[in-house]
Amino acid sequence: YVSLSPDSVFNIITDDISHQILSRSNCERSKRPKRVFSIYWNVPTFMCHQYGMNFDEVTDFNIKHNSKDNFRGETISIYYDPGKFPALMPLKNGNYEERNGGVPQRGNITIHLQQFNEDLDKMTPDKNFGGIGVIDFERWKPIFRQNWGNTEIHKKYSIELVRKEHPKWSESMIEAEATKKFEKYARYFMEETLKLAKKTRKRAKWGYYGFPYCYNVTPNNPGPDCDAKATIENDRLSWMYNNQEILFPSVYVRHEQKPEERVYLVQGRIKEAVRISNNLEHSPSVLAYWWYVYQDKMDIYLSETDVEKTFQEIVTNGGDGIIIWGSSSDVNSLSKCKRLREYLLNTLGPFAVNVTETVNGRSSLNF
């Protein structure tokens, strides 16, 4: 491991805070089965092989990873927009193209599931795959109200379909009907996708990336607590969480945020995922998706303080582990590969090994 001197920046956490982490995390996790706190590597560092560089050292820091730096492998695999979920696909001219009906209420489930099965066979041919399976689908949200920004087109399209069918209805009646239809079939597509994944790769542990959503640290909701409506809506998604072995809240932070806002963001999202897990009979694990760069400044790695604080919030609020994610654009040149490897060896790795050993009771925290 990297040698840490007493005056190192990693000593900023005292024994008192170490005790606080252990006592608080035990309290938060007490309602659920005690699990080994694990950190996973979900970065396409196989791309660095072309520069004669590998990342075998992740193992030295108690970080679980796929063999040969594979992005999808025996330990963890993420599937981006798999199958043929109904969606309105943006075109370069600003228009949209319907994929499989455009919105879930017009989609063909058979076409989607056949394609999903083919994608799974292509990307993970091993039927005995026993790792973590992450379905990353972000074209729309299964809660109608939550489709804003890039996904709002699906809400508008759904409303227009009902308006054409019932031109004399009031706007409130139209929106209510659009909501009902959209959410019914959104559930159908997402639920059947999970069921098929679990049926064909029985040994794997499955879940959807990003859920539960929280919508905290926003202009309208600046604090750590999740949006009140979102919390109620998360309870309505029990059909999804009941089919997941793992919850994957996303805790990517931004450079423009104040230091305390980054803490709030992680705190609220982990608490919400743990709350949901506690309310489910099978108590799914909570693994936070964590990115080592700032979401709005992707050329800047998280400071040591931000690594420390975000890891600390994941642990103390009851998370069961961390998935370190990275984009292909993070490792698409020799200089970027060198930078990431140096960051792993000098910053990220030491934090990872100290957190895992502390939470799992093998040492006292020594940042």
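Glycine is no exception: its Cβ is also placed from the backbone N, Cα and C atoms.
Cys337 is paired in Swiss-Prot with Cys48, the candidate among Cys27, Cys48 named as its disulfide partner. From Asn216, Asn354, the position flagged in Swiss-Prot as N-linked glycosylation site is Asn354.
Checked against Asn108 (N-linked glycosylation site), the recorded positions Cys48, Cys214, Cys337, Asn354 differ in C-alpha distance, with Cys214 being the nearest. It is Cys226, among the disulfide-bonded residues Cys214, Cys226, whose Cβ has the fewest other Cβ atoms within 10 Å in the structure shown. Neighbour density around each Cβ, counted as other Cβ atoms within 10 Å, peaks among the glycosylation sites Asn108, Asn354 at Asn354.
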